[in-house]
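A.B. asks: Before I ask anything, here is the structure I am working with.
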Amino acid sequence: MIASLIATFLAALVEWVEAYTIILAVALSIGWRRALAAAGGALLVLAVLTGAGSFILTRINDLYILQLVVGILLTLFGVRWLGKAVARGAGLKQLHDEDAEFAALRARSDIHDRRAAWFIAFNGTLLEGLEVWLIVVALGVQMHHTLAAAGAALLALGVVAAAGVLLRKPLARVPENVIKFTVGAAMLSFGSFWVLEALGYHWPLGDATLPALFIFYSAGGLALVRFYAVAIGDVKVI
Amino acid sequence: MRGFIKTLFGDQRTLSVVGLSILVAVVVLHSPAELAAGLALPVSLLAGAAYLARH
């Protein structure tokens, strides 16, 4: 359970940092009150979605079907994040740059329009928060700790908000790619563990397989970073 | 709505990678080498992550 809460916290931290960049860019155009109202509206939608998602998943009485649904969702999420982190770590894609994102947002012509800017903040927070929502609902329902998972996501929100209040600039020094790599490997571990179990497979080590899977995906991911970096002649660390 | 669906399920490549990996696991699971399914799925998914990183 601790591992799933740490993964939820880290995933939420990355997403809230990205959402904060959007809110900051919008706030400089239409003011903090309106920007925060837009973000608050998006958070409210996410809270409703969390309740609805948990309610729907807990209606599934068959444990194996629930494991399969949650496992597939987490696997889809994990393979995407691990692939993205490997590509960025190896230099195949540019690292996510909050300062550049902020500058691009500030350069948008519609950010000075009050309604358009409100929508940018609302939509940005909602889309960044959807990945947090997915993890909170999937891990929370499967581990029977939705409130604790939501608490971990809210704690991350508090940390980002506090850093934002203190710094008043994009949080560019958060090691986003390392976090995405770690969370991607963790989500793949949970996802593949539950998918196979739902299909009738009995893991020889039981729950102790989870750390082994995490080590496998992490080591494999690091090997891929090294392989691609060497292939393009750009050896870097994640 | 498009962003919502993409966030939940990813793009076509992600769906194909996960679908194929699960298919491989199911085939191995129903073969005489069923114990190897615990290796087949992680290896397939890691190969899928490698493919997604490149595309």
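Note: Cβ is positioned from N, Cα and C throughout, glycine not excepted.
Annotations in TrEMBL come from automatic prediction, not curation.
The structure displayed is predicted, hence computed values, not measured ones.
Just lifted these from TrEMBL, have a look:
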| type | residues | note |
| --- | --- | --- |
| TRANSMEM | A:6-28 | transmembrane segment |
| TRANSMEM | A:35-57 | transmembrane segment |
| TRANSMEM | A:63-83 | transmembrane segment |
| TRANSMEM | A:116-141 | transmembrane segment |
| TRANSMEM | A:147-166 | transmembrane segment |
| TRANSMEM | A:178-196 | transmembrane segment |
| TRANSMEM | A:208-229 | transmembrane segment |
A.B. asks: Output the single range from A:6-28, A:63-83, A:147-166, A:178-196 maximising the number of Cβ pairs under 8 Å to the transmembrane segment (A:116-141).
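C.D. replies: That would be A:6-28.
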A.B. asks: Between A:6-28, A:35-57, A:147-166, A:178-196, A:208-229, who has the most Cβ pairs under 8 Å to the transmembrane segment (A:63-83)?
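C.D. replies: Selected stretch: A:178-196, with the most Cβ pairs under 8 Å.
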A.B. asks: Ranking A:6-28, A:178-196, A:208-229 by Cβ pairs under 8 Å to the transmembrane segment (A:147-166), which is first?
C.D. replies: A:6-28
A.B. asks: How about long-range neighbours of the transmembrane segment (A:178-196): same chain, 6 or more residues beyond its ends, C-beta under 8 Å?
C.D. replies: 3-4, 7, 10-11, 13-14, 67-68, 70-86, 88-89, 135, 139, 142, 203, 209-211, 213-214, 217-218, 221, 238
